[in-house]
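According to Swiss-Prot:
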BINDING   24, 67  Mg(2+) 4 binding site
BINDING   24, 67, 203  Mg(2+) 3 binding site
BINDING   38, 39, 115  Mg(2+) 1 binding site
BINDING   39, 67  Mg(2+) 2 binding site
BINDING   46, 251, 306  substrate binding site
BINDING   114, 115, 138, 205  ATP binding site
BINDING   206  Mg(2+) 5 binding site
């Protein structure tokens, strides 16, 4: 690297993240079973225009934290690997390191170490670890279960259309949509507190339609969706494109969960106390696939979420 070499970048991250010494390996202690998740953020596909590098660093942590939230587990430790172009400036490295530090502080994560590389574009890889006796599965839903989602959905898709394609909207809505892209909020506290009531759950970052279809498939049940989890202002912005933003947009970092109806009152109470927005979107029944009920019609909801290499 011409302006900064690897050791200088490592020192910046160590200073920001509180790591004093480098080692060949890292040691940490967890009780119960180890829960792990890794995710990669690539500049060309995952960092939209106007997203700051610190926000991108936080997003790469959030991508993992969101999966922990869906499983009802709090992440405790992490490993971060970074790839920077050789001409990266010190200020950009500082900005990224600060973004990681703030994210780890926000979610209570201790960074153990990582790896540093040089390449054509910025790449962040994050691996997080936690512990739990068990996790909430994707395949546990039963007939007559209620389907809920933390939410609402569609703002991120709207924000991306504003940032990428310069779509216009009301000033207040545009600000809200862009914030959904640059500062997503995984629902960790809600997931941890309520996991005992979930029969199944799954993160929705690849798109709500993907999540619903995967959960229905793994549970060998039919998911009937009779309530779209969006707010009125999204409909005003999206018009005919509303369903695409809500069900296929992706990158919301919310999660879907199913519960026995007897736990509905408790779930709603806990959501209110934690200030977590949740929406009842449907129910589980016998059969297969996902059905969207609208205007007294059953419309198949296909998986059209985000997939790499498609």
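Placement of Cβ uses the backbone N, Cα and C atoms for every residue, glycine included.
Sequence features, as recorded in Swiss-Prot, placed on the structure.
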residue: 38; record: Mg(2+) 1 binding site; DSSP (3 states): strand
residue: 67; record: Mg(2+) 4 binding site; DSSP (3 states): helix
residue: 114; record: ATP binding site; DSSP (3 states): strand
residue: 138; record: ATP binding site; DSSP (3 states): coil
residue: 203; record: Mg(2+) 3 binding site; DSSP (3 states): strand
residue: 251; record: substrate binding site; DSSP (3 states): coil
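Cβ crowding, taken as the number of other Cβ atoms within 10 Å, peaks at 67 among the binding-site residues 24, 39, 46, 67, 115. Across the structure, residue 24 (Mg(2+) 4 binding site) and residue 114 (ATP binding site) are spaced 10 Å apart at their Cα atoms. The Cβ neighbour count for residue 138 (ATP binding site), using a 10 Å radius over every protein chain in view, is 21. Within 8 A of the CB centroid of the Mg(2+) 1 site residues 38, 39, 115, the other residues of that chain are 40, 79, 80, 81, 124, 125, 126, 127.
Cα to Cα, residue 38 (Mg(2+) 1 binding site) and residue 138 (ATP binding site) are separated by 18 Å.
Working note on the binding-site residues 38, 205: by count of other C-beta atoms within 10 Å of each C-beta, 205 ranks first. Comparing the binding-site residues 206, 251 by how many other C-beta atoms lie within 10 angstroms of each C-beta, the top residue is 251. Residues 114, 115, 138, 205 are the ones the record ties to ATP, and the longest Cα gap between any two of them is 32 Å. Ranking the binding-site residues 114, 203 by how many other Cβ atoms lie within 10 angstroms of each Cβ puts 114 at the bottom.
In three-state terms derived from DSSP, residue 24 (Mg(2+) 4 binding site) belongs to neither a helical nor a strand segment and is classed as coil. Residue 251 (substrate binding site) and residue 67 (Mg(2+) 4 binding site) are 12 Å apart (CA-CA, integer value).
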